[in-house]
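Peer 1: Dumping what Swiss-Prot says about this protein:
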type     : residues                       : note
TOPO_DOM : 1-8                            : topological domain 'Cytoplasmic'
TRANSMEM : 9-28                           : transmembrane segment
CARBOHYD : Asn86                          : N-linked glycosylation site
REGION   : 103-135                        : region 'Disordered'
REGION   : 176-285                        : region 'Catalytic subdomain A'
CARBOHYD : Asn476                         : N-linked glycosylation site
DOMAIN   : 507-622                        : domain 'Ricin B-type lectin'
DISULFID : Cys509-Cys527                  : disulfide bond
BINDING  : Asp511, Glu514, His528, Asn533 : UDP-N-acetyl-alpha-D-galactosamine binding site
DISULFID : Cys553-Cys566                  : disulfide bond
DISULFID : Cys597-Cys610                  : disulfide bond
Amino acid sequence: MRLLRRRHMAVRLVMVGSAFVLFLFILQRDVSGREQATEKPWLRSLVSQKDHVLDLMLGAVHNLRDSMPKFQIRAPEPQQTLASTNQSCLPGFYTPAELKPFWERPPQDPNGPGADGKAFQKKEWTPQETQEKEEGYKKHCFNAFASDRISLQRALGPDTRPPECVDQKFRRCPPLPATSVIIVFHNEAWSTLLRTVYSVLHTTPAILLKEIILVDDASTDEYLKEPLERYVKQLQVVQVVRQQERKGLITARLLGASVAQAEVLTFLDAHCECFHGWLEPLLARIAEDETVVVSPNIVTIDLNTFEFSKPVQRGRVQSRGNFDWSLTFGWEVLPAREKQRRKDETYPIKSPTFAGGLFSISKSYFEHIGTYDNQMEIWGGENVEMSFRVWQCGGQLEIIPCSVVGHVFRTKSPHTFPKGINVIARNQVRLAEVWMDGYKEIFYRRNLQAAQMAREKSFGDISERLQLRERLNCHNFSWFLDNVYPEMFVPDLKPTFFGALKNLGVDHCLDVGENNNGGKPLILYTCHGLGGNQYFEYTTQRDLRHNIAKQLCLHASAGTLGLRSCHFTGKNSQVPKDEEWEFTQDQLIRNSGSGTCLTSKDKKPVMATCNPSDPHQHWLFI
């Protein structure tokens, strides 16, 4: 009897062994089958059926195993804990010692020019100093005289961020990824460029800084050639790579990214200063989700005094990026839904667009979503294009308020465009054609140069970008407006009339004048056919809009012509009578509220009693 049991035991062992070998063979075939199934959808159902068979077989093996006598041949294995599933990093949080900066800042002179981020001040100027200051403004469009006298390694004073930012801790698992900092420059002032570099070295944890890559976009200033190369050798992790031909920001950043070795790319402009703890919150968010593109809270370094606008602990009004229908980037306060979502300043801000100058992104994700459009030239539009692409293709744009970086905002660019400023319109046409679907017509009505390029197909080949959109299975632009930026007012896709409003009595066009965001009087000006200040739309809601950037409406309150923010903003709103206009068959424009008509008097637009026989009340969209 005992012998029979032993024979049965041997048979069972053979059966278990055979079943296990067969199981391993099928499992190996299953792996290759799954790889094919991801590429061939018709195989997915077969793989699913195979999964069911494997489950049954595995169950049979387990049943045979469990029916066998149990032999205690080793000590019980300890229960695996959650922490042991990831042996590559330690539990808990990074300590301040672990996050020590790459370089400690040298002792500071509290009375030095611009110390602790304070403004540079000077009361008396010699003729030579005045000349130097003026030349600095002319060359760099900021006060290079002041910058040159402020320490390259100046401190920015105590950490004034909100307490929850100062006290924020960062988990070791998943570990914070290291970053390559990429800084593009073209004829940048020596002091602002090097202060940016030192700022990174003095505020970035050594374990997180892989390298700083300075990308020279064909600078012509001699001090940025061999002297710069010689200087940065002492900075250990800093290298210079160069474009021999001026190609602009986009290709320069692509060059920097191509040589970067870290997991994360961090792009900065060449006139920045980083505040306490600026990098860790950016990297922590990417460690959580590599499809998030993160920007710091960008504060102002005054272009005249180089005063650093420090963060405040309470009461800051946060902003996010937006765009208008001329595809210009801008800022706006957070909508109520975003304010309610955030519990404190450690919460990211969801942003429809980003400024594009300062941000961090996973290198692998940067490559996955198509880096930059390398057929865009110099700069202009690349940030809006990337904003649309990230959101529409499954990623997110966020601003991290606890990360603070200062930036010198200039009122104009000191650099020329080798191919003229037409490159901006060309870049914008490329992004409109790839990402905006039918909504691109709203943009083309506001930019006649871009519309002409689109008609003439003079914006280059976009086939690769269209293939990228298809390959990534990206959402359409309607989805972006509905889900990412529902606050965006969408003008009529096909307004009743649009263009310039020409007065037939004086042969001039209605014009809003310079920098008129409402409240300033309108004017009549020679018709120039360029849109801009002379662009108007008569909508299906019967309001008359100047909406290149903001949605501004003509109104005739108390018989006076004016311009103000439109009352009709979509759902749950309507056009008030003083913003409602009627275009008559006699070419009059009558206001529904006052009953008066738009007329020209002394070459100024005013409201007057309607008179169909007066040519100064005859208007035509051209």
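Just so you know, glycine gets a Cβ as well, placed from its N, Cα and C.
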Peer 1: Consider each pair of residues in Asp511, Glu514, His528, Asn533, all listed by the record as binding UDP-N-acetyl-alpha-D-galactosamine, and report the largest Cα separation in Å as a whole number.
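Peer 2: Maximum Cα-Cα distance: 15 Å.
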Peer 1: Give the nonlocal contacts of the region 'Disordered' (103-135) in its own chain as ranges (CB under 8 Å, at least six residues past its ends).
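Peer 2: 143-146, 149-151, 153-157, 198, 201-202, 273, 302, 305-308, 310, 406.
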Peer 1: Show, in sequence order, which residues other than Asp511, Glu514, His528, Asn533 on the same chain lie with their Cβ within 8 Å of the centre of the Cβ atoms of the UDP-N-acetyl-alpha-D-galactosamine site.
Peer 2: Val512, Gly513, Ile523, Tyr525, Gly532, Gln534
Peer 1: Using DSSP, tally how many residues of the region 'Catalytic subdomain A' (176-285) sit in helix, strand and coil.
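Peer 2: With helix first, then strand, then coil, the region 'Catalytic subdomain A' (176-285) has 47 helix, 32 strand, 31 coil.
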Peer 1: Just checking: which of Asn476, Cys527, Cys553, Cys566, Cys597, Cys610 have a Cα that is within 10 Å of the Cα of Asp511 (UDP-N-acetyl-alpha-D-galactosamine binding site), counting only these recorded positions?
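Peer 2: Cα within 10 Å of Asp511 (UDP-N-acetyl-alpha-D-galactosamine binding site): Cys527.
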Peer 1: C-alpha of Cys527 (disulfide bond) to C-alpha of Asn533 (UDP-N-acetyl-alpha-D-galactosamine binding site): distance in Å?
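Peer 2: Counting only the Cα atoms, the answer is 10 Å.
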Peer 1: Would you find the one among the disulfide-bonded residues Cys566, Cys610 whose Cβ has the most company, meaning other Cβ atoms within 10 Å?
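Peer 2: When each Cβ's neighbours within 10 Å are tallied, Cys566 tops the list.
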Peer 1: Per DSSP, what is the residue tally for the region 'Disordered' (103-135) in helix, strand and coil?
Peer 2: 12 helix, 0 strand, 21 coil
Peer 1: Among the binding-site residues Asp511, Glu514, which residue has the fewest other Cβ atoms within 10 Å of its own Cβ?
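Peer 2: Candidates: the binding-site residues Asp511, Glu514. Fewest Cβ atoms within 10 Å: Glu514.
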Peer 1: Taking 10 A as the limit, how many CB atoms besides its own sit near the CB of Cys597 (disulfide bond)?
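Peer 2: Looking across every protein chain shown, the total is 26.
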Peer 1: Name, in the order they occur in the sequence, the residues of the same chain whose CB lies under 8 A from the CB of His528 (UDP-N-acetyl-alpha-D-galactosamine binding site) and which sit 6 or more residues away.
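Peer 2: Looking at Cβ-Cβ distances below 8 Å from His528 (UDP-N-acetyl-alpha-D-galactosamine binding site), excluding near sequence neighbours, one finds Cys509, Gln534.
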Peer 1: DSSP says what for the domain 'Ricin B-type lectin' (507-622): how many helix, strand, coil residues?
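Peer 2: The domain 'Ricin B-type lectin' (507-622) comes out at 9 helix, 46 strand, 61 coil.
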